[in-house]
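Okay, structure first, notes after.
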Amino acid sequence: FRDSFLNTYYPVHARDKNMQEFLDLQQNQMSLEEYITRYRHLEAYCPHFYTTDGARAGKFVRGLREGLRTKVLTSRPRDLDEAVTMARCIEEDWARTQKDHQKKASQHSQGGRTQVKRHHFAGRTRPYERRDDRTFRRNQPTR
């Protein structure tokens with residue numbers, strides 16, 4: 001019954017197409033969540049390819065973008081769920097770091113840096129100021 005059902009409603013060419021898509025799956029420009037969803041969807045069509053937890057995790061990790069793949073590989077996930085969790089944590093950490101950098105950059109572009117410089121040299125001379133006796137003194141207050 002199963003074989004006749006599959007042959008009728010899920011033709012061999014469609015199965016082959018899904019298997020090949022699963023084997024070739026790479027994250028590339030997909031978001032991590034899109035990649036996870038696509039991986040799990042296509043994996044259902046190929047249960048006989050990767051039968052152990054480690055093999056499933058390995059296939060998932062090999063499809064990740066280069067930087068993310070390296071980070072997840074160093075964590076040595078034991079199964080697919082652990083690999084997915086690690087990838088999500090790393091992505092969230094990167095997003096948080098990028099947000100912090102953007103926040104700092106916007107503060108600098110809004111004059112935050114010039115205010116810091118003015119405050120830094122308040123009450124002192126310029127770093128190299130020529131004195132009356134024609135010698136240079138570094139960071140000493142004028143008399």
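Yeah, the Cβs are placed from backbone N, Cα and C, and that goes for glycine too.
Those TrEMBL annotations? Automatic predictions, nothing curated.
Feature annotation from TrEMBL assigns domain 'Retrotransposon gag' to 1-66. Feature annotation from TrEMBL assigns region 'Disordered' to 95-143. Feature annotation from TrEMBL assigns compositional bias 'Basic and acidic residues' to 126-136.
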(request) Count the residues of the domain 'Retrotransposon gag' (1-66) that DSSP assigns to helix (H, G, I), to strand (E, B) and to coil, and report the three numbers in that order. (result) 44 helix, 0 strand, 22 coil
(request) Take the domain 'Retrotransposon gag' (1-66) and average the pLDDT across it for me. (result) 90
